[in-house]
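Peer 1: Below is one structure. I have some questions about it.
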């Protein structure tokens, strides 16, 4: 084993003398394993072969571009679903194509590929990656239990560049005004909730749009049958989620690649067959003519144009599974040209077939290849939906890690590909909502209006966060940040305004979903913060508890007691409550705090931080278990053995400089101590000379005490704090705490379930407090 030492702030220790704390290395991982587990970008590998990059670029097609690639199914149909009509001069067709081309170029290519993807957090992308960067550089963290030792994590490293006056001003501004920190969190939650809403709408609109193509060949088929077939596919899609994406992921990339080549080939055919002059629409002048000619109807139609860039946020969010360069290669060399050709070809077809607008995509397919393309389109829609569902699972997992969502069951579905997870409760909720949207709306145009509002809101949140990143993280001038905001933010606000007008026609769906999720998430975050504040304000003095020992008849019983609390320093109130009612505690006592930090991943050798509580003779320790916001807390995590191993190593390091204990004081029979599974050999504790006599042990007496206590058994003491609003609180606060937060607390996963603690050795201590 390798062990890294980390200095702990002395104020966190109760003992008078500063003692070391450290993070034990619990597992070694070779570079090839790291490549498989975390992806190439997270390891910051500078040298990669061309073959590796091309392989990653190919694999990214199935995971990253499924949603973006299926947009041609419904873009033109939704754009012309209102009062916008096609005239003989084709100005509308040319104008819409011009908007699609320049929106795709500015937002997808310039903003995301060239700028946003450079703002990664240790190789991870997405809204939470930007937020975590800001939290680390500007100390905007809303997570409790953050310690100076967390900044020594290898993933926490920051560039050692000097602050500019602009970045320094923003940092001080946020420090002086905590309300703006909370406002930023709410803004991030808005984007997150819209992303969850995207996970509801994308499968519905993609599958229904693909299946509805069958009506081109079977005109008499009733809409009810199309809806039924779509619902059957959706139920099947959500039902196989528990198997994990990796079981079928090997066919995703070929499907999307085939789909992109099909639609680009059809696009080229339509351009030369129907209107070779369609390339003229790439001129931005046609956008101005379009708005001038069509006025308010042209502006409202932009709510459909924005659907052409659905999936660009997913492209950034899935950055951690691949490398930024591989995603850029796939986009610029294949995805971008294929989609542009597909949109140009469909526009060329529409210029000669004005009355086929609602079925233009399938009508534009040549008769000879219709059914093969229809089958590929259906599979591509399923792949795109799968990618969004997986991204929603990942988003929920990150929300749980940042105390913005109640802990739910998270299943790691792949032992080789890190980050592939399944959330059962969320999966079935998404399925019910998807079926409700599909059956309730039954119209892809209304779904498109809802879809447009969701994705434009998420993109605008990303633009605002990027503006702060440019100043606070990249230390660039304020003018560059303002230019970035004006260039991209203005475009996105234009599309948001057009989508908001469509709220009565389906745009209300993401608003309602986002409002519900935001209420739940903010209430949980508020209740969690209040719970931690109560624990901090009611910490118990260890000297007071021990001074009461004789009168309480307090005794030390054999075994190890693990007390789980939300505190990373000090003695929790539940311990005082426990010893007051049951004046006895274990021979070895460990205060355990499981917490999250603002980094995507925490290495195994930095997972546990061990320190001592009180004088050595108390045999009391503290263990802080740290997870990143994208880490999966494994249910088969061998926590008990790893903790004991870490404590023994801590004692060894701590006592290296102290006087040796006489041999006669170490009278325990080490041969009868079971150390199997700890990675420690009994021969480590003693050695013999050639004469066979027992000589000076290498480990001290306390190490043997820990092992002996482990043999006696481990008891888990978990505190349950029940929050209750004060009588003087407002009705809104009473509803939030006494009803919403209480319901979520009773139905979420507890620490004992997350760490797979044995219920036969579990002791729960409950406390009720007013907030």
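For all residues, glycine too, the Cβ spot is worked out from N, Cα and C.
Heads up, TrEMBL stuff is auto-annotated, nobody curated it.
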Peer 1: Looking at the ranges 400-420, 421-441, 526-546, 547-567, which is given as transmembrane segment in TrEMBL?
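Peer 2: Range annotated as transmembrane segment by TrEMBL: 421-441.
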Peer 1: In TrEMBL, which of the ranges 145-166, 453-474, 585-606 has the transmembrane segment annotation?
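Peer 2: Residues 453-474 are the ones TrEMBL records as transmembrane segment.
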Peer 1: Looking at 329-349, 623-643, 644-664, which one is transmembrane segment according to TrEMBL?
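Peer 2: Going through 329-349, 623-643, 644-664 one by one, TrEMBL flags 329-349 as transmembrane segment.
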Peer 1: Taking contact to mean three or more C-beta pairs under 8 angstroms, with sequence separation of 6 or more, is the transmembrane segment (184-205) in contact with the transmembrane segment (507-524)?
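Peer 2: Per Cβ check, the transmembrane segment (184-205) touches the transmembrane segment (507-524).
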Peer 1: Have the transmembrane segment (481-501) and the transmembrane segment (93-114) got at least three CB pairs under 8 Å, pairs 6 or more apart in sequence?
Peer 2: yes
Peer 1: Give the nonlocal contacts of the transmembrane segment (248-272) in its own chain as ranges (CB under 8 Å, at least six residues past its ends).
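Peer 2: Contacts with the transmembrane segment (248-272): 58-63, 65-66, 69-70, 72, 240, 278-279, 334-335, 337-339, 341-346, 348-349, 364-366, 369, 372-373, 376-377, 379-380, 383, 386.
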Peer 1: Counting Cβ pairs under 8 Å that are 6 or more apart in sequence, does the total for the transmembrane segment (298-317) and the transmembrane segment (421-441) reach three or more?
Peer 2: no
Peer 1: For the transmembrane segment (369-389), I need the partner stretch with the highest count of C-beta pairs below 8 angstroms, choosing only from 225-241, 421-441, 453-474.
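Peer 2: Comparing 225-241, 421-441, 453-474 against the transmembrane segment (369-389), the winner is 225-241.
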Peer 1: Is the transmembrane segment (507-524) in contact with the transmembrane segment (329-349), using at least 3 Cβ pairs under 8 Å (sequence separation of 6 or more) as the test?
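Peer 2: Between the transmembrane segment (507-524) and the transmembrane segment (329-349), which are separate recorded stretches, there is no contact, as judged by 3 or more close Cβ pairs.
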Peer 1: In terms of Cβ proximity under 8 Å, which residues at least six beyond the ends of the transmembrane segment (507-524) contact it?
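Peer 2: Hits for the transmembrane segment (507-524): 186, 189-190, 192-194, 196-198, 200-201, 399, 403-406, 433, 437, 441, 449-454, 457, 499-501, 736-737, 740-741, 744.
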